[in-house]
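Features from TrEMBL:
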type    : residues       : note
SIGNAL  : 1-19           : signal peptide
DOMAIN  : 5-324          : domain 'FAD dependent oxidoreductase'
BINDING : T43, S44, V166 : FAD binding site
BINDING : Y223, R278     : D-dopa binding site
Amino acid sequence: MAAPKVAVVGAGVIGLSTALCITEACPSCSVTVLSDQFSPNTTSDVAAGMLIPHTYPGTPIHVQKQWFKETFTYLFAISNSAEAAEAGIHLVSGWQVFKSTPKQELPFWSDVVLGFRSMSEAELQKFPQHRFGQAFTTLKCDCPPYLLWLKKRLKATGVQMYTRKVADLWELHREYNVVVNCAGIGAHQLVGDEKLFPVRGQVLKVHAPWVKNFIRDGDGLTYIYPGIHRVTLGGTREKDIWNLSADPGTTQDIFDRCCSLEPSLQEARDIKVKVGLRPSRQSVRLQREDLSQGGFKLPVVHNYGHGAGGFSVHRGTAKEAARLVQECIAALKSSSSRAKL
């Protein structure tokens, strides 16, 4: 068969990295990215981009760990390259603090990040409200630069990108051999996934260049993540809320909570408010599906539902999606060669 045509629907961090992994795994493929929104208007642009995994209850831990390890290894190599500044990737050290000792003192990802250890009594004096803490070094992606870097890599490999609203995956069956669904929260409508729900997140991006260490409350609600140019302060987790308007009361609440962890933030300036809808499920949907209609078939690979943990596992899930695309193409080639017989 001629060079297989693959469409990736969605241009957030999952869509762009999946498209990149497909070009690496299937160099003979023609890959196109279709999305109604590109950076700076994607959910990924709002994300803090910290590599601290969230747990998916419906996905085996060893699988989650593999996804995280592949992502960490990939980004660590970029952080050690001349492209680190352009890609917006850097190492950041800091603390995760708890008001009471967690059941699991060693999270599944503790041996993937760098230098993971329990905090000393002296360190904990910085956080008088907290009794237990973990110190480690991890990676942070500054999201808009990273998305632009991914787009640049894709264009260099000949990937086409078009602004297009896809209402139904089946509408692509005449143009493409395989479709990859990386639509994020858009998959709720696109494929009618009732297991997918939004978790609204409101964050502040502030100018506070003296803040060098991340601080994360163990409940995951309050966090301070320093980037290259701005510090992300969070946050909220509002399940099943679709509202993208910023709430001034929430802004003040986030600011107050972060100042209680890091009082110097009282002097933060140039506060910008961002809102995004995390595409959440019990487990990431990462699987093959064959759509069929009127005797025609359309192989689809789904890769969405990463919730708050998308950046932590994006490269690992993208590699798995690319492997599933390879399987689809191998099946198409074998059926076309059988047809010739």
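Note: Cβ is positioned from N, Cα and C throughout, glycine not excepted.
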If you count, for each of the binding-site residues T43, S44, the other Cβ atoms lying within 10 Å of its Cβ, which residue has the minimum?
T43
Using a 10 Å cut-off, grab the number of neighbouring Cβ atoms around the Cβ of Y223 (D-dopa binding site), all chains included.
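Other Cβ atoms within 10 Å of Y223 (D-dopa binding site): 24.
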Work out how many Å separate Y223 (D-dopa binding site) and S44 (FAD binding site) at their Cα atoms, rounded off.
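Here the two Cα atoms are 17 Å apart.
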Across the record's FAD-binding residues T43, S44, V166, the largest CA-CA distance in angstrom?
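Greatest Cα-Cα span of the listed binding residues: 19 Å.
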Around the C-beta of R278 (D-dopa binding site), how many further C-beta atoms are within 10 angstroms, looking at every protein chain?
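Total other Cβ atoms inside 10 Å, all chains included: 24.
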Along the domain 'FAD dependent oxidoreductase' (5-324), what average pLDDT does this model show?
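Averaging the confidence scores along the domain 'FAD dependent oxidoreductase' (5-324) gives 97.
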Sequence gap of 6 or more, Cβ distance under 8 Å: name the residues on the same chain that satisfy this around V166 (FAD binding site), in order along the sequence.
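Correct list: V9, L34, D36, L172, A183, L190.
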Can you tell me how far the Cα of S44 (FAD binding site) sits from the Cα of R278 (D-dopa binding site), in Å?
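Cα-Cα distance, S44 (FAD binding site) to R278 (D-dopa binding site): 9 Å.
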